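Peer 1: Before I ask anything, let me first share the structure, which is written out below as structure tokens.
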Amino acid sequence: MLLLVIASSALYTGLLIQRCMDMDPSIRSYPDIGERAFGAKGRALVSIVMNTELYMVATGFLILEGDNLCNLLPDVKFEIGGLKIGGRESFVIMVGLIILPTVWLNNMSILSYISASGVVASLLLLCSIFWAGEFDGIGFHHKGVLINWSGIPTAASLYSFCYCAHPVFPTLYTSMRDQRQFSKVLGICFLVCTISYAVVAIAGYLMFGSELMSQITLNLPIDKISSRVAIYTTLVNPIAKYALMVIPIVNAIETRLPLNSHKRSYSLFVRTSLVLSTVIVSLAIPLFGYLMSLVGAFLSVTASAILPCLCFLKISGIYQTLGLERLVIVGIVLMGISIMIVGTYTSVMEIVMHFVT
């Protein structure tokens, strides 16, 4: 029920972003919405939250890659100039090099085809998980604590992270050939994603109970073909979606460069430096579950729930009238603030405890 509430709220706020853009055709990006609502300070706030969130999501992709590849090939290690590089660290660096050419692309239509491969990979991953449970001896008979109340803040934070793409919506909306289809596309995407999330969550609980790790692929026996297929397809998603996440950050940086520096060489330098920095951060903070929980609680909730609601209230002017939609929007804002406060505190404490112990 918590997942459905957060999913419905995220879908609604995504539609609010579209309505903000329809009210002012000059709006082309998420920061434009913040500026239209609250001026320069609004633009700065939205830009900081948006770019930080997208940056941490991209970093999480690299952590995901390193964890799964290390689980698949645990004996891989390198030594360069007397410096020993572990398996996980090696894979993060290699994946960074593989992803780099996709970040160099400027054509959003090409990125859409790359991202589409992630959709196919997700469906294949779902099938592989069920195959492993049904035919590879794992079964669906494990049990755990059905409701762990102390884990609700972390769960809500992770659910929020699952719907963190709102900062990209304006870019996708403006690049669509037929913008009238945006709401339909958004609804279908949210429906498919939510069903997939729920099915994997239930399957993971029944397959591994309370022993389920932050990534279900880390629980799967790597000697089975279905498990290897699941892990390999998991690796496709970050590679397919990384560039889509960082392009808004690249655009924000490049627009602040001096006019005489808008050359291809400068652009390549900015993009390469951005990828390099995410590699460094993912090596320094190798905690996928905790990090994504923190991003979901502090950044995703802000960017995907609180800011769209506040901006729409201001731009539309309905904050001046009392009505059902205003009550719904205020309810979403209050829910988002609650998740942000409790979830952020819980996530920070989990990360601190991990390093202390």
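Note that Cβ sites are derived from N, Cα and C of the backbone, with glycine treated the same way.
Pulled the feature table from TrEMBL, pasting it below:
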- 1-17: signal peptide (SIGNAL)
- 2-348: domain 'Amino acid transporter transmembrane' (DOMAIN)
- 45-64: transmembrane segment (TRANSMEM)
- 85-104: transmembrane segment (TRANSMEM)
- 110-133: transmembrane segment (TRANSMEM)
- 185-209: transmembrane segment (TRANSMEM)
- 229-247: transmembrane segment (TRANSMEM)
- 268-288: transmembrane segment (TRANSMEM)
- 294-315: transmembrane segment (TRANSMEM)
- 327-348: transmembrane segment (TRANSMEM)
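Please situate the listed features within the shown structure.
Peer 2: Residues 30-31, 33-35, 38, 92, 95-96, 161, 164, 167-168, 215, 234, 237-238, 241-242, 245-246, 248-249, 252, 278-279, 281-282, 285-288, 291-292, 295, 299-300, 302-303, 307, 311 of the same chain sit 6 or more residues outside the transmembrane segment (45-64) yet have a Cβ under 8 Å from a Cβ within it.
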Peer 1: Output the single range from 185-209, 268-288, 327-348 maximising the number of Cβ pairs under 8 Å to the transmembrane segment (229-247).
Peer 2: 268-288
Peer 1: Counting only residues 6 or more past its boundaries, what in the same chain has a CB within less than 8 Å of a CB in the signal peptide (1-17)?
Peer 2: 30, 33, 152, 155-156, 159-160, 162-163, 166, 169-170, 173, 183, 186-187, 190, 193-194, 197-198, 201, 304-305, 308-309, 311-312, 328-329, 332, 335-336
